[in-house]
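*Asks:* Would you mind keeping the following structure in view while I ask a few things?
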């Protein structure tokens, strides 16, 4: 190492040793002063909440949870009275009276009549906008309407109807279903275990051979789509059934018949018809003679 650098290093050490330094020691924190008597009493007292009685609580207009609670109670009441056979419309005052909610504030009442009930899909409003009734999924009132609805779904291939929708729409539903049990088929949907109603078309009942039933049950096609089924049938030497469906007839265009055009005589100068006939006769006779 360079001796000049060593000498500078030693000189720096001597100067550092000769310079006095003061070391600051961390003093322990002083404890906070004891609280005064007033502050201690304030901490001991529980916080006082504003007093609320039933009237002030019901008139609170800023609580959206309270508003929708009132609306849910009204919709539930309207559905229940419809299921019991009461389908005549009621005014907002009559609805609040029936649901024991006459002590609500005016702002909530205006919100119900002007916005909430009018825009609710389960509530139907009269033409004047003053009375309300329940709006069911299906407009059925008795067993005949229910059977007509099931037949229409069967004919149009729309499938079945949920039992819960029928219970919501049909008044005295359990009694009607009991009387019409022989005309309705109940099927439980495996996805959510809900009951589906179908029309029991007895004209479609026929006996199926047991051997065919065994073959039908042995074929599992749950996880196969139409393309895979067609491919499997082609491998087995069976032609696909895609060309054996119903074909819509293509209408043929009719050729326009060649009609001879008939020139209509002009209808002008009808008052000179006799003069024209005399003129035509004279021209025909003159054409047949030789000029002199």
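Glycine too: its Cβ is placed from the backbone N, Cα and C atoms.
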*Asks:* Can you dig out which of the ranges 213-240, 241-268 TrEMBL describes as region 'Disordered'?
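*Replies:* So the range that TrEMBL calls region 'Disordered' is 241-268.
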*Asks:* Mind checking which residues reach the compositional bias 'Basic and acidic residues' (1-13)? Cβ under 8 Å, same chain, six or more beyond either end.
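*Replies:* Answer is none.
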*Asks:* So how many of the residues in the domain 'TFIIE beta' (59-141) end up helix, strand or coil by DSSP?
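*Replies:* Split by secondary structure, the domain 'TFIIE beta' (59-141) comes out as 41 helix, 9 strand, 33 coil.
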*Asks:* Work out, from DSSP, the number of helix, strand and coil residues along the compositional bias 'Basic and acidic residues' (1-13).
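*Replies:* Its residues fall into 11 helix, 0 strand, 2 coil.
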